[in-house]
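Asker: One structure follows; several queries about it will come next.
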């Protein structure tokens, strides 16, 4: 590939830096530059191109804000109608339906550009009422990160940056970005100890802020959740009465309130969703005929709304007749499927006890460690039904929240689940192995001269902004592949799904955005040479690449792009808007378009959002010592991210009900950021000072102690379920206050697919307020017995607007 005029100065800069750093002609260092010689990344320009990238990214951010304001004013119904429609579908959303007009009133009170001022005027109490506890914990986590970065920004800019500028290893050019990095200090400079000390301080600061955040996480444990056990490993032919009799005989002091077996209802869920859509469409055209006195003809083919003439195969038919026929067919299929489901138990059960202490006692009996000779786990208390129920094979845990359970995924278990998991993740590995990082994608594009016309312009504005924009775009695309692969794994709870997503997306992002580009592995040919060619002199570890003068500028530009372009795109929710547009185009009729509007609201994906934010936070912390100028831009990113998330949580997404473990998982991964900073500093000391230098030994000791502490914490976290103390519970004041109340059994259990209770004879109300949510079977038939249906004052207006 012919080198472009823009890249001609690169070799001379490489020679200059090698001489100044005293690295000589070592192949590792030349590799770092050669790998980027014909690439659009890691370019050496004035101050790393940061001023240019900052100006263009801010301009793009303002443009995205303008576009969002227009879309919100003209097309915001695609989000609002869905939120109003979802409001009355489930008990946990009834706080929305009770004040669904309050959101509109709140915006009207704010005057001009209400969504922008709402970000600053929203109180946590409003967000708690509207979005739930998980949103509060998520925003609290962001606030702790903000305060942490404020402190680190002050220390990095007021202490570390002046120390780096005091060196003269890279000259006195005020436009040189390298002067702000640790590479500007001489190896015999005692001020290098300051960096080591501050890296330890940053570690303790992070631990302190995260500990404070963890203490603030308080969940209102719903008594029904702590009273219910989830049991797997039951024989599929086990009956409800047999399970109840076993607990009555084995644990005479524990009273069973209810036992619910689980069935394979994935297909039933799909059929019921289609039926509700059909019934709504039928009601839409029935009301339209009553209003106009004319019957409506439709073309029931995909994109049929765009057919303006009748040809063979695209004939029009009466809308009421079409949807009546579809509804009758679906009702027949639902009836047949319902009777078939009763013969397909899954070998799982939810068992609810009268008191929490009873469930705790039984859980301790099944899961507590009982070392008896060579047996680590003893048998639970037996009964006359133990052999029939195969009690020794049971796995018993506390049940998750009813809203957290993905009922349709319960049928995927055992070998089938593991084979599906292995297949999905193997395919993911194969795809991502060849597209490991955005840098590799971009360097591969360079091989085909994709970016050659950009270089031919010899315009530093375009040549610096274009790579940064591409880097962010691919950084947003590749995690989406990981995200959707996690959804395909069919986890049984949303909490488990989000928890896996946090770890999976975070680890992948760290490798593709931070570690591999930092080591200079930015093209496929060099990546494979490093991976497989053990005879080449260029295959040793490229730790020198981490500390090249322009390396930090590459990540500063990435953080700037994430702050402005990333936040603007999250506010715009472009993927959701594209999906909405596609579904509206594919809709067959006006009634189908109305259904699309009512099904456009989604729950907030805390797992993916945690992972994305923690990736950028880790990049910031990893370079906070070696490249201190990155920290204030990281603070800007977290501030913008916090404001955008406050808006989206309140105005754009449905509330989610998750377990608190996902928030603790995010805290654990946040603690990895300062540890990576210590690793970076140790590599620098090892390369520049040698292994026997006091600063290197001290950093190495701190790294070892930190790793040891992490291992002990992880092992304790993994094995604490073996301890009976893990199940010790404390009664709340309300529990202690009324003994009589504690003995009142719950009127019903939500751990049951409501579809199975008289679905064939049930007729769903067809108003927009009766729209189902996502996955929980009880949602399909509306509210539970004994629960009032909250009336939505804005429902009529929304319905009228949809029909217009």
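Each Cβ is built from the backbone N, Cα and C atoms, and glycine gets one as well.
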Asker: Looking at 388-415, 416-443, 724-751, which stretch does Swiss-Prot describe as transmembrane segment?
Answerer: 416-443
Asker: Topology question: in Swiss-Prot, are residue 356 and residue 712 both on one face of the membrane?
Answerer: yes
Asker: Would you mind telling me which one of 28, 449 Swiss-Prot calls N-linked glycosylation site?
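Answerer: With Swiss-Prot as the source, N-linked glycosylation site is noted for 449.
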Asker: If Swiss-Prot marks one of 38, 779 as N-linked glycosylation site, which residue does it mark?
Answerer: 38
Asker: If we call contact 3 or more Cβ pairs under 8 Å (sequence gap 6 or more), are the transmembrane segment (191-216) and the transmembrane segment (554-585) touching?
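Answerer: No, since the transmembrane segment (191-216) and the transmembrane segment (554-585) share fewer than 3 Cβ pairs closer than 8 Å, they do not count as touching.
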Asker: Mean pLDDT, the topological domain 'Cytoplasmic' (75-133)?
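Answerer: Within the topological domain 'Cytoplasmic' (75-133), the model's average pLDDT equals 60.
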Asker: Counting Cβ pairs under 8 Å that are 6 or more apart in sequence, does the total for the transmembrane segment (628-650) and the transmembrane segment (134-166) reach three or more?
Answerer: yes
